[in-house]
Amino acid sequence: FTGLHCAAYMGLQEIVISSLEKKDLDMSVTDFEGRTPLSRAADNGHESIVKVLISCNEVKLDWKDIWERTPLWLAVEKGHEGIVKLLLGRSEVNPDSKNNYGNTPLFLAASGGHEIYHTVAFLLGDDCVDANSQDLDGELVLHAAVAAQQGDVVALLLSDPDVEINKPASLGRTALHAAAYACNVDIVSVLLSCPEVHENLRDKSPMGNTGLHIAMGGTSLETVRLFLQSSRVDITARNRMGKEPLDLAVGLARPPVIHLLL
């Protein structure tokens, strides 16, 4: 942990500037976590210091720490939108760089945490960003937003023409399947309102259930009602076991759901 690391970490701009004036300064020196001064400044949200550092030709803008996180990745993680914008404006920065779990900055932003709507929008606006990237578990960006219950981000992703809305993730589930499993009424509503969503796709599990089948086994009556209110949902669709949604409702002894179907 050098003096420059410390100054960047603490936001001491004058010390950072004076340090950069030293001719023998090695800008590639990393600390115990493999981070450069730029990584420390980006992580802690010191935008003015990031500006100073990225103006220095010797600074490596895309350096990865021991967890393979770049300065951009760290800025996204902490919700530092100003720094995200600064780094995305540099051609040396890979906006789609993955960490050791295979998560890109967009995947991370879609997963929620801080006020991340605008960060997702910034990243989607970059032509080098893969809107359908998958982590090491095979999860997709859209699925990450569904799992994090980020309805506004889900809607934003659905509006992007590059997002493969019906692409299944690791368990063979589309985003609609995932939302139905989670009984997330708001996100199911957003997905069903999207014309490009295929409501009657079966997941790739042994059961081969549609979204409505999945909703039948959940705890939310409102989720079932949303599926039934959609004119595009086939209420007689059979899963791979030959069962219709009504068959599942009867088997699960769920009178309120049975009443909705009849």
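Just so it is clear, glycine is given a Cβ too, placed from its N, Cα and C backbone atoms.
Across the repeat 'ANK' (33-55), mean pLDDT in this model comes to 96. What TrEMBL lists as repeat 'ANK' is 33-55.
Residues 2, 4-5, 7-11, 13, 16-17, 20, 27, 61, 63-67, 69-72, 74-75, 77-78, 80, 82-83, 86-87, 90 of the same chain lie 6+ residues outside the repeat 'ANK' (33-55) yet bring a C-beta within less than 8 angstroms of a C-beta in it. DSSP labels the residues of the repeat 'ANK' (33-55) in these numbers: 16 helix, 0 strand, 7 coil.
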